[in-house]
Amino acid sequence: MATLAASSSLLSCLLVLFLSSVSAVTDDKQVYIVYMGSLSSRADYTPTSDHMNILQEVTGESSIEGRLVRSYKRSFNGFAARLTESERERVAKMVGVVSVFPNKKLQLQTTTSWDFMGLKEGIKTKRNPTVESDTIIGVIDSGITPESQSFSDKGFGPPPQKWKGVCSGGKNFTCNNKLIGARDYTSEGTRDMDGHGTHTASTAAGNAVVDASFFGIGNGTVRGGVPASRVAAYKVCTPTGCSSEALLSAFDDAIADGVDLITISIGDKTASMFQNDPIAIGAFHAMAKGVLTVNSAGNSGPKPISVSGVAPWILTVAASTTNRGFVTKVVLGNGKTLVGKSVNAYEMKGKDYPLVYGKSAASSACDAESAGLCELSCVDKSRVKGKILVCGGPGGLKIVESVGAVGLIYRTPKPDVAFIHPLPAAGLLTEDFESLVSYLESTDSPQAIVLKTEAIFNRTSPVIASFSSRGPNTIAVDILKPDITAPGVEILAAYSPAGEPSQDDTRHVKYSVLSGTSMSCPHVAGVAAYVKTFNPKWSPSMIQSAIMTTAWPVNATGTGIASTEFAYGSGHVDPIAASNPGLVYELDKSDHIAFLCGMNYTSQVLKVISGETVTCSEAKKILPRNLNYPSMSAKLSGSGTTFTVTFNRTLTNVGTPNSTYTSKVVAGHGSKLDVKITPSVLSFKTVNEKQSFTVTVTGSNLDSEVPSSANLIWSDGTHNVRSPIVVYTSDY
């Protein structure tokens with residue numbers, strides 16, 4: 001396996017050389033790599049001689065001295081040579097040549113998400129190592145892999161004195177000075193048998209591990225946002241799900257154990273009333289004890305009202321792309337290349353395989369349409385075995401191995417996500433899939449090869465993931481959710497060798513690629529921990545505010561509510577800016593109780609949420625929209641009327657004394673809003689001083705298709721404290 005991994009890594013490097021700038025040019029010639037697939041099995045085949053013959057034929061020169069740069073002849077077949085553009089075109093058409101691409105200067109790759117956000121490795125990023133080492137992240141998930149290099153305690157001292165937890169991970173499970181605590185609520189032991197918990201924990205706080213990859217894909221340094229911090233794992237999930245009672249027990253223990261914040265990449269398909277939501281209840285208790293809870297928004301997008309984790313005392317995270325993605329090319333027998341999506345580590349050794357469309361291999365039990373979608377029991381095994389199965393949808397993933405196919409090509413509705421499969425596979429968007437179908441219908445012997453996945457860079461980003469759950473918030477309609485977005489697409493992080501990289505996958509890996517708001521959530525948890533290392537006495541709401549008000553604005557890339565604040569909240573997280581926000585919106589337990597009273601919750605319900613006996617009075621009750629939240633949102637009763645809505649807010653100075661902030665309003669989308677800020681200038685003489693203001697929004701004839709929005713920015717010339725303002729009329 002080590003040899004295979006090494007050759008796969010080398011091949012992967014060669015296949016991504018077309019991503020950078022050209023490095024070698026001689027006159028009008030430049031160095032190209034001619035990739036020819038696997039080595040010939042013929043005993044009399046000599047690669048270098050073949051390469052020289054090809055060059056002589058293409059160039060018309062008997063002596064090719066200075067032309068041949070390098071022959072690849074041990075693990076695969078190919079060569080590098082100095083060619084003109086016309087020579088490159090000729091060699092690309094020759095039999096046996098898979099692809100020709102320019103030579104480039106390469107740099108070692110990282111897993112990119114933290115670099116993408118500006119939190120770079122080593123001395124490039126300001127750190128507070130002593131405080132970071134005292135920071136404890138509680139991970140409520142499917143457990144953890146203690147042997148992972150991401151959780152090695154090399155260089156770590158003993159746990160912080162505040163730590164009161166235990167290591168009760170079960171048999172053959174040992175904690176250390178990095179992984180300082182483990183608890184199990186499933187009777188299986190805390191060891192991660194799935195991989196999800198290991199992945200999220202390493203994303204938030206994993207050590208920097210060089211040369212990590214998924215069989216050579218994404219090779220580079222994998223690390224968490226706060227590598228010097230400690231981890232405590234709380235296992236609440238099994239393959240059948242995560243029980244409410246286990247979740248609450250984990251919150252209970254984590255808070256008492258002394259964690260500084262909690263990351264929980266768990267949720268429901270839709271939001272629940274707070275009193276019925278174990279995460280909302282647990283997070284309320286965490287907030288009351290000074291512990292921030294970061295929660296995933298859910299993977300039920302792009303449909304509206306699908307976001308979960310909507311309580312204002314939770315930092316709710318959507319998922320978006322980074323500047324790196326993965327593509328898998330499908331080369332058809334006619335030479336045409338289609339670009340698909342998957343994370344395919346398999347190599348088909350340069351060999352084309354026969355293609356068979358599911359509907360052309362229909363079993364007697366189904367019609368051609370069902371077989372075309374490769375539905376269960378609809379494909380005849382005898383007509384598929386040894387071939388690449390083509391399916392009109394992802395249903396083929398369930399049957400492809402059982403019918404004996406050697407690969408799979410399917411139509412995918414998700415253009416932005418690459419998944420791992422247990423055999424060579426690629427998902428094609430409709431246009432490319434139709435090209436594939438046309439090819440299938442044009443020949444009696446269609447063939448293709450699915451190439452190993454390549455990394456692509458500098459794509460448009462960040463873009464909100466299609467799967468990321470959207471608002472509006474149906475439980476607290478005047479609280480904008482999700483709050484923030486972060487990298488959650490094709491994230492490489494530590495994994496459990498006991499888990500499967502994909503369903504029915506027999507491979508065992510230490511690092512894997514996953515997508516979901518489960519992946520974006522620990523990114524924000526890592527940012528929250530990073531912010532806390534510079535501001536250890538900050539409350540959860542101050543950290544949440546800092547993250548939200550310093551976020552990058554996200555440009556709408558689509559239409560409808562799926563591309564509005566209901567998709568990304570305040571924007572894309574910016575770790576460096578969040579560590580020094582200038583001003584924050586601060587909240588405590590009493591503010592949240594006043595908010596709940598304003599939602600007309602009964603004393604009985606309030607006790608369920610807060611654990612305390614609370615009697616609401618007018619003095620304690622506030623309109624939900626007047627909660628001192630970093631974003632501002634209001635749901636109105638109708639779209640055709642003139643309206644006026646106000647928001648009351650208070651800012652706390654956490655920057656410098658004697659600072660003055662001036663307000664500015666930037667228009668968003670939807671109907672035009674008239675926004676007035678009173679007062680429009682705030683002056684702070686001291687640190688921790690508070691100043692209040694009112695936002696008055698007026699307008700008429702609101703757009704009923706999308707929310708209407710604007711952005712309020714307070715600036716002192718150094719800090720820009722931005723809050724989205726959203727007004728809407730329906731649940732869409």
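We number each residue from 1, going along the chain as drawn.
Backbone N, Cα and C atoms are what each Cβ position is placed from, and that goes for glycine too.
ASP141 (active site, charge relay system) counts 28 other C-beta atoms within 10 Å of its own C-beta, drawing on all protein chains shown. What Swiss-Prot records for ASP141 (among others) is active site, charge relay system, and it gives sequence analysis as the kind of evidence.
Annotated active site, charge relay system per Swiss-Prot: HIS196 (among others), in sequence order, evidence recorded as sequence analysis. The secondary structure of HIS196 (active site, charge relay system), as reduced to three states from DSSP, is helical.
Feature annotation from Swiss-Prot assigns active site, charge relay system to SER518 (among others). Neighbour count (other Cβ atoms within 10 Å of the Cβ, all protein chains): 26 for SER518 (active site, charge relay system).
Residues belonging to the domain 'Inhibitor I9' (31-108) score a mean pLDDT of 79 in the model. Look at Swiss-Prot and you will find 31-108 tagged as domain 'Inhibitor I9', backed by sequence analysis.
Here Swiss-Prot flags 113-579 as domain 'Peptidase S8', drawing on sequence analysis.
The annotation domain 'PA' is assigned in Swiss-Prot to 352-436.
Neighbour list (ASN172 (N-linked glycosylation site), Cβ cut-off 8 Å, at least 6 residues apart, same chain): ARG191. The annotation N-linked glycosylation site is assigned in Swiss-Prot to ASN172 (among others) on the grounds of sequence analysis.
In this structure, ASN219 (N-linked glycosylation site) is part of a beta strand by DSSP. The N-linked glycosylation site annotation in Swiss-Prot covers ASN219 (among others) and is backed by sequence analysis.
Annotation comment: Swiss-Prot describes ASN458 (among others) as N-linked glycosylation site, evidence class sequence analysis.
Summarising the annotation, Swiss-Prot assigns N-linked glycosylation site to ASN555 (among others).
Listed in sequence order, the residues of the same chain lying 6 or more apart from ASN600 (N-linked glycosylation site) and placing their CB within less than 8 Å of its CB: none are present. As annotated by Swiss-Prot, N-linked glycosylation site applies to ASN600 (among others).
Applying an 8 A CB threshold to same-chain residues 6+ apart, the list for ASN648 (N-linked glycosylation site) reads ASN626, SER692, PHE693, THR694. What Swiss-Prot lists as N-linked glycosylation site is ASN648 (among others).
For ASN658 (among others), the entry in Swiss-Prot reads N-linked glycosylation site, with the evidence type sequence analysis. Using a 10 Å Cβ-Cβ cutoff, ASN658 (N-linked glycosylation site) registers 10 neighbours.
The signal peptide annotation in Swiss-Prot covers 1-24 and is backed by sequence analysis.
Reduced to three states, the DSSP call for SER518 (active site, charge relay system) is helix.
HIS196 (active site, charge relay system) and ASP141 (active site, charge relay system) are 7 Å apart (CA-CA, integer value). Rounded to a whole number, the C-alpha distance linking ASN219 (N-linked glycosylation site) with HIS196 (active site, charge relay system) is 20 angstrom. Between the CA atoms of SER518 (active site, charge relay system) and HIS196 (active site, charge relay system) there is a gap of 8 Å, rounded to the nearest whole number.
Secondary structure at ASN658 (N-linked glycosylation site), taken from DSSP and collapsed to helix, strand or coil, is coil.
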